[in-house]
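Participant: Pulled these features from TrEMBL for this protein:
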- 252-401: domain 'O-antigen ligase-related' (DOMAIN)
- 6-38: transmembrane segment (TRANSMEM)
- 45-62: transmembrane segment (TRANSMEM)
- 74-97: transmembrane segment (TRANSMEM)
- 109-124: transmembrane segment (TRANSMEM)
- 130-148: transmembrane segment (TRANSMEM)
- 160-181: transmembrane segment (TRANSMEM)
- 222-242: transmembrane segment (TRANSMEM)
- 248-281: transmembrane segment (TRANSMEM)
- 293-313: transmembrane segment (TRANSMEM)
- 384-408: transmembrane segment (TRANSMEM)
- 420-440: transmembrane segment (TRANSMEM)
Amino acid sequence: MEKNKYFIVGLLILFCGLMLSVNWYLYFLSFILAGLFFYLQVKNIYQAIFLICIASIPYSVGPSRSQMISQESGYSSAYGLIPFTISTVLLSLLLLIKPSPFVIKKPDLFLVIFYIYALVGLVFKNTYFVSLYGVVQLTVMILFYFLARLMLLEKKIIPYIMWIFILILTYESTLAILQFVLQHPVGIFAEEYVYSDPFGIVSGENISLFRASGTTSHPNNLGILLVTLLPVILISYESTSLKKKPYLYLLILALLTFTILVTYSRVALGLTIILFVLVLIRNFKKLLFRKTRYFISGVFLFVLILSLLWPQISFRLSTVTAVLEPGNSLDARIKAIEEAIPMIVKSPLFGVGINRYIEIAPYFPQTDLFYNIRPSKISDIHNLFFQIVTSLGIPALIIFMIFLYSLWREYISKINKKNSTVIVMSASGIILFLFASMFMPTFPKPLLRLFFLYAAMLVTA
């Protein structure tokens, strides 16, 4: 604890600063002060800025939302003025002064090809400003991937990254529970969704069911963010100081579970149950015979949380069949894909451009989707692979699939290493992200940043 005192102070400043950020000055100041203490800890300006990049992954709030780029998509020019973009670009510029080469691997190569293809499509076909903005978003994320590849060569930074992940989980969970208790947004600057939904987001099947969103733009995004970070808690237990504080570990797990439940995200809840069951099966004997009291405490906490929220959960589950009704979630997602198919047929090589589906689809409707739902982020394509093929074309999707396959080959070649914690954690995060991305828009959204970080961790491990 003593040897990491500056890092801990930095985490506390970031947590308190974000929680009390009533305006964008305090919001940005919390990242700057945290970065200062990270530097005092690691004594390396590049690593300190990289840690800020990671700490800012979930947040997409800028100083102003007045200049809209696309009314339908909800994007504004402020998306560029966010801590993640600023810190990523700053680190890139600093590293130009002190270049540090690393070994190029197959995933790196395929990702570069994917990016070049996106640029070619922008230049020769999809020369629209909203598509340019989408390519800029993708540029920052891919730049972040290669920065991560470079910075992760220093293995000592891994424990700091894990603790930043735990901070994000704790902060988002605390904020979401406050929102749940109040039944409306807390009112801090970091809450992204208050700009489009100032009173919060409710269930489409029951407007009395308030759904917590944390700082993200939608409860589903919060649920998937927490689920994608869940392997950090479950898998890194042995390699962090949480091993010496089992009750603190249980408390964090309980906080995380409660938060996932109050997002009422069916996808997040399903993935959480699957992950918990797999971990329980793998460690059943160890939990039952060597850690009995902690196991009993964990079961008690889980039952308590379930009991408190059961009326809302049971209602949410009872509305599963209602999602197929016109205008509801699953019906809208299926119809969004039906709307996208003619676009793919018409523009198979380069697609229609990033972020352009939601602008084009309402003018050439194939279904009654836009009679029931106004053009917005809600009526976007809720599937990563269909988003890529619609935006960038069939060749881009093939290249991206090859990139995923190369990540799988990296995992297979490394899984038998003696210290496989980072490998298993990053691979689990990638798999959870890909499963979740089948049911929600993630290209190019903040969750894709986390995917690229996990990919870099897997390739570099």
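Glycine residues also receive a Cβ, built from the backbone N, Cα and C atoms like all the rest.
Quick one: how deep are these features, and who are their neighbours?
Facilitator: Mean pLDDT of the predicted structure over the domain 'O-antigen ligase-related' (252-401): 79.
Nonlocal intrachain contacts for the transmembrane segment (6-38), taken as residues 6+ away from its ends with a CB within less than 8 angstroms of a stretch CB, comprise 47-49, 51-52, 55-56, 61-63, 83, 87, 160, 163-164, 167, 170-171, 174-175, 187-190, 215.
Long-range contacts of the transmembrane segment (45-62) within its own chain (CB-CB distance under 8 A, at least 6 residues past either end) are made by residues 14, 24, 27, 31, 34-36, 38-39, 76-84, 87-88, 90-91, 94-95, 98, 144, 147-148, 151, 154, 157, 160-161, 164-165, 167-168, 172, 189-192, 214-217, 225, 446, 449-450, 453.
Using a Cβ-Cβ cut-off under 8 Å and counting only residues 6 or more beyond its ends in the same chain, the transmembrane segment (109-124) has close neighbours at 131-132, 135, 138-139, 142, 145, 349-351, 353-354, 392-393, 395-396, 399-400, 402-403, 406.
Using a Cβ-Cβ cut-off under 8 Å and counting only residues 6 or more beyond its ends in the same chain, the transmembrane segment (160-181) has close neighbours at 7, 11, 14-15, 18-19, 38, 41-42, 51, 54-55, 57-58, 188, 190-191, 200, 210, 212-216, 222, 225-226, 229, 232-233, 236, 239-240, 252, 255-256, 258-259, 262-263, 457.
Tertiary proximity for the transmembrane segment (384-408) is limited to same-chain residues at least six positions away from its ends with a CB under 8 Å from its CB atoms, namely 105-107, 110-111, 113-114, 117-118, 121, 134, 337, 340, 343-344, 347-357, 430, 434, 437-438, 441-443, 455, 458-459.
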